[in-house]
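Asks: Attaching a single structure in structure tokens format; questions to follow.
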């Protein structure tokens, strides 16, 4: 509405100017009430019929419009194809023609940098006038004439020129033009005020289709909305779904882009970005680049096109991966026009514009041999226009545009035919009666136009109710240095025909960088090969198992823990199966079974490792235990229980982790992108996908198992090194077990990191990890079993050893006396250590302190546990020291546990007794023994054991003497009760038995804090003195 009011003020200003008839150098001003808020000034230069050129200055603000007109010296031009100056008729003097002249006013963009169709359109319009006036059946008695103006593609210049013509006294029946949409929109509003119908030949703005605003506007060219339909058809043809737009900030382009955006949205096409610029498109082109625009639709004049493509060249926004769409109508080699605002050379611009596509009004009818109202066919017309163009080619300002010429020719014929057909529609008026207030005649003209249809040189001409012509759209492409037709679009049929399009890359560019997902699977060949090798390994396991069963009574197998070797063979079978399972993925077994395969492979790998390596580790750990405990390697304790406890740790940890992992955190198949590769030639990003069987916290279980097994491997390697020279009669393969552990550790240390590093490349990962696993298992089998088979090589027929001897026999026959004596000394040392621990325990907790059993609080006593009972080894040592058998008395001493009561001893000064001990002794059929007497005997026995350490050869003799003395004492004790004749409060031990104080070898150990009665108070032993004496 503001625009319309400004136009009315502009009209008033022009009317005032014309009414005042300014003299040269005079200034006529239409001034609003206030000019304080003036914001815009536009200077216009217009031709005057008085021989001067008026320079008009329009200043607009919020309070009004101000016009200042200053006469200037006249500018003259010679239009192409005419000797008449601007503002005059393009025909010969009408005074020489007796027919009544009917005037039309024409507007052609002859000058200016943005539009260059005017020369061609003017030439074709003059040709049409000539053909019209030559036809006797067209406007009989009338002659059609035209006064034209150079609009400069400027709305202000064209509008003022229109007002001059209206106020000149000549009546103009219709208006031809204008060529530019911005000019057409302005003068259409003005022409409607004077009831003048406007026929344009190249204004394409969709805004002109708004009938409520542009009531008398028609056009013979296609509207941009139809160009947009052709562009949409191109988008759909090549399946593009993402496009971008870039346009100049001109209303004609903005309106077209807005219409195009709506069209895209209605067809589910994503508009990535819509950029607009006024002068410099640098930032906008950078935005197109950053937002990944590959299909770009541009709307701008050709002077701005040079700036856009210079920036596109600098930003590398061109080439085979890009498609640029431009408006048609640019003159030939427009990129070579010198332009100081462009920093690129013509060669660089040419490189950037290669292959662009434009949509243009089809220049000639596809029915080139069909007659037109002029009597010429489209082919004949083309020949005539070509001659006219050739005559003007030497003029630098002339731009040969066949489309503009054809549509201007048909627009002129549209005016003539409308006037001609209106003659029969008038009831009383005639064309001579036309005036600017004659609304009825305008309606007759418009009704005639709505019903008009004829075959023009550009095709069939007819108009819709909004004044548009639904003509064919030509699709053109820049090839080499020329725009070449490659197809056409029919708005009526919504049909796109493309023939001859050439893409720089051979195929149409993509609307985005295509992403292709490539699932990486293990080749089936790898799995088949692995299955073959695993089959060989399983066969080897069964062969070795048969040998082991067949020769289990031979010492090479019998003294190598054959039962545990069987467990190891079972683990190897599981590991061979794992080698095959690791290669199975959804590409082989299907997605529904892939998770099951994952669980199965994890279970077989974990349990197989626990079985195979667990046996090796338990053997080497047992050997190391014997080494550090200085055990008799000729006759050690049985190994089965020790190895079973070690292996149990492996099974408990591994199975517990598996159960929690599978139950609490079930495995699921997940696909992850492990690598992205951009192929610039194809504009495609390849994503490598790998399937994993992990979920959430499952990585913690994997890492936990890796850490546990890794520590076991490192510890096993250390123990193998420590026992490298150890030989055990009943565990005869410790050396080869150590070698096998070295092999497993080495290959595991290599394969474990590689399993993580190569996890993104399943083919390589499977090949490497599978090969290392198979090698480790096979080498372990060969290292452990081959020495045994080699030992049997000469006696495969014997199921038992020919000279089989037991361990005791071998010991007695093979071991010299010195070694045997050393073994005895070692055994004594071991027993002394046990006794020392017992003494320390009693020192801390009392005589009946807890050493083994069900715990300090002895709840297990109710379930039959030996609460507080000493180990059988301690009891045996005490018995051997006393020379007695393991009688109930020893059990009495070692069974009672009053830990909850701290002590069951009477700690009073008068002495200490043990009611519980007495009761227990009586219940076992023995005479009651006082606590002090029992403590003294215990100390004496321990003293004998300790001193035996310092004099090992006499140990057996001392024990024998003590046993004989015990027998003599027992003989006397049967006839008389024991008496205490030394007045020390202790019972005599009998003849031949000395009290601890009378021992010839040492006085009692740790007997400090005695009372006057000579009683020993338990709990007051000096552990430090005991240990110092033992040393």
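Note: Cβ is positioned from N, Cα and C throughout, glycine not excepted.
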Asks: Between the candidate ranges 57-94, 95-132, where does TrEMBL place the region 'Disordered' annotation?
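Replies: Result: 57-94 is the stretch TrEMBL calls region 'Disordered'.
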Asks: May I ask you to indicate which of 474-499, 500-525, 526-551, 604-629 is given in TrEMBL as transmembrane segment?
Replies: 526-551
Asks: Among 412-433, 434-455, 676-697, 764-785, indicate the range for which TrEMBL gives the feature transmembrane segment.
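Replies: Comparing 412-433, 434-455, 676-697, 764-785 with TrEMBL, transmembrane segment matches 764-785.
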Asks: Of 343-368, 369-394, 733-758, 811-836, which range does TrEMBL call transmembrane segment?
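Replies: Residues 733-758 are the ones TrEMBL records as transmembrane segment.
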Asks: Labelled transmembrane segment by TrEMBL, one stretch among 320-342, 642-664, 849-871. Can you tell me which?
Replies: 642-664
Asks: Under 8 angstroms, Cβ to Cβ: which one of 526-551, 563-584, 642-664, 733-758 has the largest number of such pairs with the transmembrane segment (764-785)?
Replies: 733-758
Asks: So what's near the transmembrane segment (526-551) in sequence-distant terms, Cβ-Cβ under 8 Å and 6+ beyond its ends?
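Replies: For the transmembrane segment (526-551), the nonlocal Cβ contacts are 557, 562, 565-566, 569, 572-573, 576-577, 579-580, 583-584, 588, 763, 766-767, 770, 774, 777-778, 781, 785, 788-789, 792, 799.
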